[in-house]
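To start, the structure under review is shown below, and the notes come after it.
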């Protein structure tokens, strides 16, 4: 061993030389006949296998020339394959270790790499078998193996198993604690993750990233941004992975100013902008209603993948630019990028917002005929929405009946919305009943059905719907509107008076109401589910969250700054009408992202053209 340890080739191989250089050294030693020691071969196997997964076949050829492959060489192949596109091949080399008789035995490295392979495969049964093997071979107390098992069970979504492994460790080290923080955050238990995180004497960027990502994942976007700010205060270096989570949190909140600041932070700190990070930036600007900036980032990217194109297409569709969405799709195909299933969801939405039924049908048909993509439930949902929005309700019903899979609630929701828009009571009742069969606690179905009855002043059935909700314990989800002013996020809830500036907001809203009435405003009271007089209904509508947000925006933002609002529910008819009128009376641009789409209100018009 001492002689081999002094071989100059080993020092070169361990110094991180390029694959080309490794190959040159290997060829020279092979030709000279000096490449006979199995230990030296093992170092070549490692150098080639770990350089890039595309060289794994070459590494295997080197291994096959070894008379007695070492455990080091076989472990290197397991390690390389566990991080490759084919992690299942790791087990081929594990079986070679077992078939060697008593010459070789798996060690803790073998087991750790196999656990990582299971993590890549996301196969529960295989993972359990490997865990059992670690116990039988006495490696279950190895800290590297334990950390790997925590990551494996987190990947499988088995948080209880993560806790069992973690609790079995007498003194978990820094790496193990970080893995557990990551596991809990990934599985949605941000409370325990934060508790463990706060108790760590030192925290590396991985732990910080896990907390930011975890909060963003469960929708606690404000807390995700708070952790990011704490990370900066403690001087922890922020990387591109963390910035993706930060940008995602800004996107959820519709916090465009903070998103812009995060973008400038990336540029100031020279964080490498990968395709994934740039795609997240496109998504941020698109979902905050700034399509101009989204497309600026998009066209400025040197490299784009199918997800980048799909993100831009989705942004254009969401913001009501259906024709531009279809133009971009044509450019995408001309650029040689093959669309995937996600792409077609965006394309079909683009057709829907501009009412291009025939073109939408052609794109739907091309999925299978031209690209070999089998349409899934979401694609059929888009097709139903396309026909329903265009008023072709019978065709929409026919598509639902002929779908190869059972329609989900969102499909019936599209038909229900259209039934109300086109005043088809019979189909509206059918769609709502189908929705409630699938989701008995879906408050939206009850509300829309009651609105359909209210449109025709059928207060007996409105009352029946309300009683049905009450008897089943279904409550209408309270409306919440979020907006950002000077980098600070403000939340407004329906009927809530807790905002510190409520008195000023109320005064501004009263002035807005006065000017609306002078302009001829008459409240659309159909969203109010009670048979009460019109004045009481108007009072109820005044409490809607986006109206408070608009009032706050008018009093807080300069006239040339758009008022941007994110709402958790679909905008009601009255708020939609009011927003259009305010945009004209006050000469303000108002951008509302509700649960369905964007509404760009300007000069008394909305980008949705009355259908949302």
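Glycine too: its Cβ is placed from the backbone N, Cα and C atoms.
These come from Swiss-Prot:
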REGION    411-486  region 'Type E motif'
REGION    487-517  region 'Type E(+) motif'
REGION    518-612  region 'Type DYW motif'
REPEAT    70-104  repeat 'PPR 1'
REPEAT    107-141  repeat 'PPR 2'
REPEAT    142-172  repeat 'PPR 3'
REPEAT    173-203  repeat 'PPR 4'
REPEAT    204-238  repeat 'PPR 5'
REPEAT    239-273  repeat 'PPR 6'
REPEAT    274-304  repeat 'PPR 7'
REPEAT    305-339  repeat 'PPR 8'
REPEAT    340-375  repeat 'PPR 9'
REPEAT    376-410  repeat 'PPR 10'
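Outside the repeat 'PPR 6' (239-273), and at least 6 residues removed from its termini, the chain residues within Cβ reach (under 8 Å) are 205, 208-209, 212-213, 215-216, 219, 221-222, 224-225, 228, 231, 280-281, 283-285, 287-290, 482-484, 486-487, 489, 564-566, 593. With a cut-off of 8 Å between Cβ atoms, the residues of this chain six or more beyond the repeat 'PPR 1' (70-104) that come close are 38-39, 41-43, 45-46, 49-50, 53, 56, 59-60, 63, 110, 113-114, 116-121. Listed as Cβ neighbours of the repeat 'PPR 8' (305-339) (distance under 8 Å, sequence separation of 6 or more from its ends, same chain) are residues 275-276, 278-279, 282-283, 285-287, 289, 291, 294-295, 298, 345-347, 349-354, 356, 359, 363, 371, 373, 593, 597-598, 600, 607-609. When the region 'Type E motif' (411-486) is classified with DSSP, helix, strand and coil residues number 51 helix, 6 strand, 19 coil. Per DSSP, the secondary structure of the repeat 'PPR 6' (239-273) breaks down as 27 helix, 0 strand, 8 coil.
The residues of the repeat 'PPR 4' (173-203), classed with DSSP into helix (H, G, I), strand (E, B) and coil, number 22 helix, 0 strand, 9 coil.
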